[in-house]
Amino acid sequence: MDGFQAYGAGKAGGAFDPLTFIRQPQTVVRILCWLFSIVILGCVANEGYINRPEEVEEFCIFNRNQYACNYGVAMGTLCFLCCTAFLALDIYFPQISAVKDRKKAVMADIGASALWSLIWFVGFCFLANQWQVSKEEDNPLKEGADAARATIVFSFFSIFTWAVQSLLAVHRFKLGADSVTFNQDYVDPNQQEPVEALGRGHGGPRRRGVSAGRTLGPRADLSSEQTNHRRRCPVTHTHTQTP
């Protein structure tokens with residue numbers, strides 16, 4: 001059982017290996033999610049607001065809809081923080097000794113990843129629709145057009161990266177459940193040998209209710225005494241003749 005693992009990590013207390021950590025599929029996908037959130041946040045925050053030559057006040061590049069830009073900024077910021085938190089949790093995860101705590105962490109990863117995949121799907125549809133219905137006269141110089149397209153594209157990519165992250169977490173959860181079940185049902189064969197040897201040394205398995213040195217009660221003693229008495233004193237039979 002030296003190679004026992006629970007939910008994708010070995011026993012607690014091992015040394016942290018950065019190369020092994022970075023090469024893990026879940027780490028690679030999570031870093032991609034982290035980078036996509038930075039790109040989306042930067043595109044909307046820096047070039048998502050423009051103004052016409054005759055106007056002073058800036059407006060959102062997505063059909064003048066302020067909610068579209070707010071959605072992109074909010075989701076980019078929250079996604080960045082969420083990715084950072086889960087990266088820190090992935091680093092600390094092998095140090096968690098309690099199996100129940102590891103299970104909770106993996107379940108939280110499943111729920112958060114599935115939720116973010118849904119959020120980015122809604123965001124992609126919303127931003128793509130607002131960009132499609134935007135009027136050319138609102139942005140005659142095409143300012144920020146590349147940033148708007150990049151926001152839509154990386155929102156689309158984020159749907160799949162978070163979905164893959166959720167599937168990887170589900171895979172870890174299944175591996176963890178199987179390993180924990182195996183650990184609970186596992187019986188070391190070396191522990192059964194002394195018991196079997198003890199049974200063979202006493203002439204095989206004992207019957208129920210009979211043990212070494214156990215008396216069976218006064219009736220058993222009485223019957224044994226009667227048997228011994230009959231052996232010592234044989235019974236003689238006399239025949240009498242009748243007249």
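Here the Cβ of each residue, glycine as well, is placed from N, Cα and C on the backbone.
If you check TrEMBL, you get these features:
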type     : residues : note
DOMAIN   : 21-174   : domain 'MARVEL'
REGION   : 194-243  : region 'Disordered'
TRANSMEM : 31-50    : transmembrane segment
TRANSMEM : 70-93    : transmembrane segment
TRANSMEM : 105-131  : transmembrane segment
TRANSMEM : 151-170  : transmembrane segment
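Proximity of distant same-chain residues to the transmembrane segment (105-131), defined by a Cβ-Cβ separation under 8 Å and at least 6 residues beyond the stretch ends, is recorded for 7-8, 33, 61-63, 65, 68, 71-72, 75, 79, 82, 86, 89, 93, 96, 148-149, 151-152, 155-156, 158-160, 162-163, 165-166, 169-170, 172-173, 176. Over the domain 'MARVEL' (21-174) the predicted model carries a mean pLDDT of 92.
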